[in-house]
Each structure stands twice: as C-alpha cells, then as structure tokens.
Amino acid sequence: MRLDGARMDLIKKIWTARKLILVVLIPLSLLPLPLIHPCSESSCAYVLIVTAVYWVSEAVPLGAAALVPAFLYPLFGVLKSSEVASEYFKDTTLLLMGVICLAASIEKWNLHKRIALRMVMIAGAKPGMLVLGFMCCTVFLSMWLSNTSTTAMVMPIAEAVLQQLICTGIADSLEDSLTVDTQDEESDKEENQELSKNHLQLLDRKHNENHEVCILNEELNGLTLKPGFGPEFSKESNGNLPEAPVSIPAPPKKPKKQRDSLYPTKRDHMICKCLSLSITYAATIGGLITITGTSTNLIFAEQFNNRYPEAKVINFGTWFIFSLPIALIMLMLTWIWLHCLFLGCNFRETCSLSKKRKTRRELLSEKRIQEEYQKLGPISYPEVVTGIFFILMTVLWFTREPGFVPGWTSLFEKKGYRTDATVSVLLGFILFLIPARKPWPSAFSSESKGDDDDEEEEDPLAPMITWKDFQRLMPWEIVILVGGGYALAAGCKVSGLSVWIGRQLEPMSGLPPWAVILLTCLLVSAVTEFASNPATLTVFLPILSALSETLHMNPLHTLIPATMCVSFGVMLPVGNPPNAIVFSYGHVQISDMVKAGFGVNLIGVFVVMLAIMTWGEPLFNLSEFPTWALMRNVTGSL
C-alpha cells in the first residue's frame, strides 16, 4: 500500500511538472539532429521543431516560445543576431498599432456599444431575428476590433437580454400557477356556498317537516362538507341515521409548476445556447473580412509579402473584396444551422416582424434593450470624432491602390513607399492630439457629467486617447508571436530548408488542385482545434508555400484557404479565446459546442473552397503559375 501511495505521489508530481519536463526534454532529445548532420538545413529544422512543439503544447507562453529563434539561430549559425532582431518588428506591426489606437478610442467612448444596441433594436426581439441581429453587429465590430475584444463586449449585452428573457419566463410561470390556485379557490368557494345554502334549507325545513329532513340528510351524506358545517350538521338528529360525523377527504388541488433548472422552459434554454454560440461564431466570421481583423490575417500578409516581395496582390482592398462574400455566406448559413439545431425549422414563428405576433417576454426584451440604449444618452462629440476617423481610415485603405483605377498613392513621385500601415499610424497618432472636448461651446447639447468631466475640467485639452488606453489594448504577445513567425520563415529561406521540404512533397504533384486545397483546409481546421491559431498558421505557411512551388501552383491557392480555415477552431472552449468567454457564461456545454462547431467547420470549409475556385481565380489570377513565384522558386533553388 505504501509503494502504491508513493507511486501515485510520484505520478502526481510528474504530471504537475509536465510542462517543465517537456521544455527540457524536447531540445535535448532533438539535439542529435544538428550534431549528427551539421548543416544549415538540419539546424534550422531543429529550431523550427522545438518552437513548433512549444507553441502547440503551450508548455511556455506563446510570446516566450516565439523568442526561441532569437537565440538559437545565432547559436547555430543560421542567422546573425541583428538579422533575427529585424524580423520581430515589421510593417504589419505598425498597421496593428494604428488599428489599436482607433479601437481604444471606440471602446473608451462606447461607440461599439451604441452600434451593437442600435443594430439589435433594428432586428427586434423575436428569437430568430434577435440572434441574427447580434450576429450582424458582432461581425461588423469584429472587422475592426479583435475577436476576443468583440466577444467580451457583446456578451454582457446579450446576457442582459437573456436574463430579462429568463426572468420574464419565471414571472409568467408564477402567474400561471397563481391563476391555477385562484381558480381552485373560487371553485371551492362556489361549492361551499352551495353547501351552506342547502344546509340552511335543511335547518329551515327541520322545524316544519321531520320527514323531509331525513331525506335531505341522506342525500347530503355523500357531499363534501367544510369543517364549519360538519359539526353543526352532526348535532342535528335525523331520527333514522346515527349521529356520527362523516369525514370525506377534500379533492386534491392541481400541482404547481416547479422549475427543474435555471430556465423557465427548455425552449428558453435553447435560445440561450443559440444566442451565446452565435456570438463567438460571428466574431470568428467578422475577423476574416479585413487584414487587421485577426492576427492570423496579419501573419499571412507579412509572411507572404516577405517571401514574395514582387507580388503586389495582397492589400486591404483585394482581401476585403475576396473575403466579404465568404463572410456573408457563412453568416447566413451559420445562422440557419444554429436556428435549425436549437430553435427548430419554423422560421415564420421565430423571425416574424409583426407586432401582433410578439409575446410579452419579447416586448419586455425590446424594452430592456431600449433602456440600455437610452442610458448612453445622445451621441457625444468624441463618438462623432471616432466615427469620422473610422470612416476615413477605411476609405483611405480602399483607395490607396484599388487596382481598377489609380489610387491616391499615384499622386506621389516615389512609388511603393506608402502602405496601409502609413494610413493606420498617421490617424492613430492624430488621436493622441485631438482634444476630447469640443473646441467651441454648445448651448443645446448637454453632456453627462461624472468623474471624466472633472478630469476634463482640470485638463480641457485632454486627448481622445492616452497612452494608458493604447497600452491596455495593445497585444504585445501577438506582436512577438508574429515576429517569431517571421524569424522562422527567414531562417527557412536562408538555410534552404523550405526548398528541401518542397522536394519531399513532390509525390503529391499528381493530385488535382482542388484535392490539395481540400486536404489543406481539413488538416489546418483539425490542428487548430487543439493548438493556437497563430502558432498553427506560422508552422503551416512555409510548408504550404514550398508545396505550391513544387506543384507549380499559385501559392495563394493554398495559403489563403489555410489562413481562412485556421480561424475555424470553434468546436472546443480551448479552440480560441471567444469560445472560452462564451463557455464561461454557463449556458452551453462542451457537447453543444462540438455539435454546433462541427457544422460551422463544414460550412466554413465549403464556402472557402467555393470562393477560391470561383471569384478568387480572376481576382488573384490563380489559374496560372505567377512570375513572382517562379522567380522565388528559381532563386531558392540556386
């Protein structure tokens, strides 16, 4: 017994220290690779495998694991320390910083909440339309904010609506039970009145005719008598029947309704599940639309531009044109899938906009949303400024190099100096300068006063955002993670590892392009369920680039589907942070996420395949092997 206990303690200690053991054993077990084969390819492969295992297992934080190439590449002679350091801060980092400045202003002045509540008010409180309204506003916000921030912002609003729905359902059930009790009491009163009336008639006739009393007594012997009437009646002798009181049990009352869970009905629980899951899926869909919508899009854009610098095909406009139809189709199909899974297929009942068909709970839910919107008050000056900057940034991104007409960059003599990051950083910098108060007095607008107003009175030139606001939202871990991916890609390029990997994948040259794309989508979607999205994409991008070059396919044929599908880790709470946020509210179980997420995964893979085989081909010229990829292939082989 003591030996068994000691073994169990040892196993527990090993399990507790499993991450530390993994961190130490993985580099040591793989060390023979660069020692037995001392060449650049094997050294780079060693660094790549160690970093990938750290990322997938999350034995160390993602940002810390991304620093592994910074010291292993110089130690093994793959890259100089200065060369590795330059990979950790790129153009996309500046792009992200400018977007975070705008996001900080949006969240600080509650513009995101105003947009979300307004869109939900337009959709209405019918379950189907309510879910669709929350999905639309979540998709829109997730285009510009991070998926995690969007989910963390929208879920409290949805939770307030769901709690109102639950409370109203409980009130309705209590009213139903009270109505049943009231009806029972009224029926009892009617019976008592009838009995008392017969009793009075009996007593009156007793003084006149004894024979009639006996007959009535026999008839009343089988009736239900109240305690007040029983004793009085037993004191009266009928002359024929014994003077024994007759005790007859009262009829049972109808049982009251009792709730077995936190939800009034099973349908209410289904509505909570559907709305909760719809928000995390909508945040994922919205992040696909823009280059800055999620970190994986930024990783793809920077690695692609670094590997193929002559390819001027990926920018904000082209990515938006390609991914917007994908998001719209996925939004509708995901809404239909969740509706059928949790709310049934009766869309007429759950999506009707007619006021005559609205229930009491739906009206109260609409009232609750309107109250939340009214708490925001009239639109303020900082919200207007933020909205103007939001629109201005989007317009400048679209018109920089639209492709079909000359963009505003053509006004400058030197070409190629201005990027999307230039616009982002410029407008973000201006937000640190513009005062948050109106430069002119306004007599007709009354702004809410509070602690912020007191601070503004002390500093009337307080800017729209401060460095603390920016620092609170800036995801430095993602910045370092993206930099680690750039460093790995640079090492694979310099050492020739990417060319070696491409040669090993030559047996796949017999597969048609659609089969290669489908295998890529399914493989990436499966891996990302258990590993972080940025880490998964960072590992797969160099491999898929080498595969495309070997098969003489346009690299975008595999890179774009992989970038899209890596965001479809929606089946488990650990798949991505929005899933964990929604799961923490307690409305859904893991089985619900697996069922719903599996359908969303299939929808995503289908829509991405459809997009890359249809409108993606003319947009990115995917039907032929491009010259920029051919130049990269020839240069790499040399």
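Here the Cβ of each residue, glycine as well, is placed from N, Cα and C on the backbone.
What TrEMBL says about a protein is an automatic prediction, not a curated fact.
These features come from TrEMBL:
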REGION    234-261  region 'Disordered'
TRANSMEM  20-37  transmembrane segment
TRANSMEM  44-68  transmembrane segment
TRANSMEM  88-106  transmembrane segment
TRANSMEM  127-145  transmembrane segment
TRANSMEM  279-301  transmembrane segment
TRANSMEM  313-338  transmembrane segment
TRANSMEM  379-398  transmembrane segment
TRANSMEM  419-436  transmembrane segment
TRANSMEM  478-502  transmembrane segment
TRANSMEM  514-544  transmembrane segment
TRANSMEM  596-616  transmembrane segment
Inset, instruction - Report yes or no: does the transmembrane segment (478-502) come within contact of the transmembrane segment (44-68), defined as 3 or more CB pairs under 8 Å with a sequence separation of 6 or more? - result: yes
Legend entry - Tertiary contacts of the transmembrane segment (514-544), as residues 6+ beyond its ends and Cβ separation under 8 Å: 48, 52, 55-56, 58, 62, 65, 294-296, 299-300, 303-304, 478, 481-482, 484-485, 488-489, 492, 497-498, 501, 505, 508, 551, 553, 555, 557-559, 561-569, 571-572, 574-576, 601, 604-605, 608-609, 612-613
Legend entry - Which of 44-68, 88-106, 313-338 contacts the transmembrane segment (379-398) most, counting Cβ pairs under 8 Å: 88-106
Legend entry - Highest-contact recorded stretch vs the transmembrane segment (279-301), from 313-338, 419-436, 596-616, CB pairs under 8 Å: 313-338
Legend entry - Long-range environment of the transmembrane segment (88-106) - Cβ separation under 8 angstroms, sequence gap at least 6: 70, 112, 144-146, 149, 291-292, 298, 301-302, 305-306, 382, 385-386, 389-390, 393, 419-421, 423-429, 431-432, 464-465, 469-470, 472-475, 478-480, 482-484, 486-487
Inset, instruction - Please indicate, using numbers and ranges, the residues of the same chain that are 6 or more beyond the transmembrane segment (419-436) and have a C-beta under 8 Å from a C-beta there. - result: 91-92, 94-102, 104-105, 291-292, 315-316, 381-382, 385, 389, 392-393, 396-397, 400, 456, 460-467
